[in-house]
Each structure stands twice: as C-alpha cells, then as structure tokens.
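Enquirer: Okay, handing you the structure first.
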Amino acid sequence: MTKQQTKKNYSLRKLKTGTASVAVALTVLGAGFANQTEVKADSNNSVSVNNEAKEKSSEDVERHYLRKLDQEHKEHQKEKQQQQQEQEERQKNQEQLERKYQREVEKRYQEQQQKQQQLEAENQKLTEANKVSEASRKGLSNDLEASRAAKKELEAKHQKLEADHQVSETSRKGLSRDLEASREANKKVTSELTQAKAQLSALEESKKLSEKEKAELQAKLDAQGKALKEQLAKQTEELAKLRAEKAAGSKTPATKPANKERSGRAAQTATRPSQNKGMRSQLPSTGEAANPFFTAAAATVMVSAGMLALKRKEEN
C-alpha cells in the first residue's frame, strides 16, 4: 500500500514538471516570436513570408504541445480516477476485511465463551461426581470395616463353637463310655441275678425251703431287683437327658450356663472312670471287674443268698 502511494506521488510530480516545462517553453517561444515579429515589422515581404511560416510552425508546435498536454492531462485524470477507484476498492476491501475480521473475532469470542461455559459445566459435573465418588468410597470403607468386624466376630464365634464342639465331643465320648459300662454292668447284674435265681432254685430243691423263708427271700430279691431297676431307670433317664442336651447343642449354639453345666458334667464324666478304676473290685461269681454300684447290689444279693444258705445249713 505504501509502495503504491509513493508511485502515485512520483507520477503526480512528473506530470506537474512536464506541464510546467511545456508552459515555459511555449511562453519563451511565444515571446521570441513576438520579439522577432516586432523587430522585423518593417522588413520586406520575404521576411514576412518567413515570419508567417515560422508563426505557422510555432502554432503547429504549440498545438502539438497542447495536444500532448491535453493527452497527458487526460491520462493523468484517467490515472487519478483509476487510482481513486483502486483506493475506493482497497477501502471497500479493507472495510470488508475489517467486517469479516470483526465477525470472525465475534465468532471466536462466542465460541470461546461457549467452550468456557462448557468447561465450567463439565468442571461442575466432575466436582459433583467427585463428591459422589468420595461419599461412595467412604461408604465402601465403612462397609469394609463393618465386614472385617463381622468377620472377626464370626471367627470368634466359630472358635467358640469349635471349643464347645470339642467339649461336647469329650462329653459325648464320656457318656458313651458310661453308657457302655452301664450296659456291661446291666448284663453282669442280669447274669448275677440269673445265677442267684438258679442258686435259689437249687437251694429250694435241695433244702426244701419253707414257704415263709421263700417268701422272705423272694421279698428281699424283689426289693433288691426293684432297687436295681429304679437305679437303672434313673441312669437311663439321665443318659436320655444328656443325649437331648447334646442334640440341642449340635443344632443351636449353647448358652454359657449350659456350656458350664456340660463342662461340669464332662469333668465329672472324665473323673468318673478314674474314680471307678480305683473303686472297682472283683465279682464274687465270675471274678470280673464291675461298676461299684452294681457290684454292691450284686454283692448284697449274693450275701443274702449266702446268709440264707448258711442259716438253712445250721438248722439242718
């Protein structure tokens, strides 16, 4: 743009210089011709002809310069109009560019505003999501702590159940041993009663006991048998209760008092074999080891039978 303006100024200076030069030349030429005409006014006709020819030539030159000047002036006007049109076109283009630039700036500003609003909205969403995530994390952490505490509690309950199960198993084994010993003792007592009855029958046949003695002996035997049956019934009832307690303990966790009672029974059961072991004795009929209770009952029967036999023997 600066280059075009410089070129325009140079053209104007050149045109002005050329126009001034032509004007000066015409002035000088006209003055010369005028002076020559005045000096030679009184000359002869030949000089007048020459002067006319010179005037004509001068007029031709002047017309030539005038035409040239007019042409240059027209070209100058045309160039000026062209430059003005170019200037207007440049101005128009510049205004269009400025309006386009302004629209572009406004468009970019709007886009930037929209992007900023979008980023602010996304930032708000991320902030809310972060709050929700933090709350969820805290909830999960609390749930994890509660789960760990519940796990520890379950492990403690499991260990307690295992300990209770071991105690119950020990008690069950003790009860099983006691039951087996009771069955063996029952068998032995039954065998001893059978032997006593056989001996009684033998005594009746051999000695022919009187009805009174027989009734007394039978009453004693019945009383002792009843006592033995009552003791067996009590032991059977106790064993049934222990089995029921054991079954209830295997289904649901036992309470602490029940565990203490069961532990006490298990301790009693555990100590009972050692006590029985120290108190066991030999059966008088077979010489086998038996339970002290049943051995005492059987011994009573045998002693009664022996006493009765001894009495009969003394009477005879």
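Heads up, the Cβ atoms here are built off N, Cα and C, so glycines get one too.
Here's the feature list from TrEMBL:
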COMPBIAS  40-51  compositional bias 'Polar residues'
COMPBIAS  52-110  compositional bias 'Basic and acidic residues'
COMPBIAS  111-121  compositional bias 'Low complexity'
COMPBIAS  145-190  compositional bias 'Basic and acidic residues'
COMPBIAS  204-218  compositional bias 'Basic and acidic residues'
COMPBIAS  239-248  compositional bias 'Basic and acidic residues'
COMPBIAS  266-285  compositional bias 'Polar residues'
DOMAIN    283-316  domain 'Gram-positive cocci surface proteins LPxTG'
REGION    40-218  region 'Disordered'
REGION    239-288  region 'Disordered'
REPEAT    124-158  repeat 'C'
REPEAT    159-193  repeat 'C'
Enquirer: Which listed range (52-110, 111-121, 239-248) shows the maximal number of Cβ pairs under 8 Å with respect to the compositional bias 'Basic and acidic residues' (145-190)?
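Expert: Of the candidates 52-110, 111-121, 239-248, 239-248 scores highest.
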Enquirer: If we skip the immediate neighbours and take only residues 6+ beyond the ends of the compositional bias 'Low complexity' (111-121), which ones have a Cβ under 8 Å from one of its Cβ atoms?
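Expert: Distant Cβ neighbours of the compositional bias 'Low complexity' (111-121): there are none.
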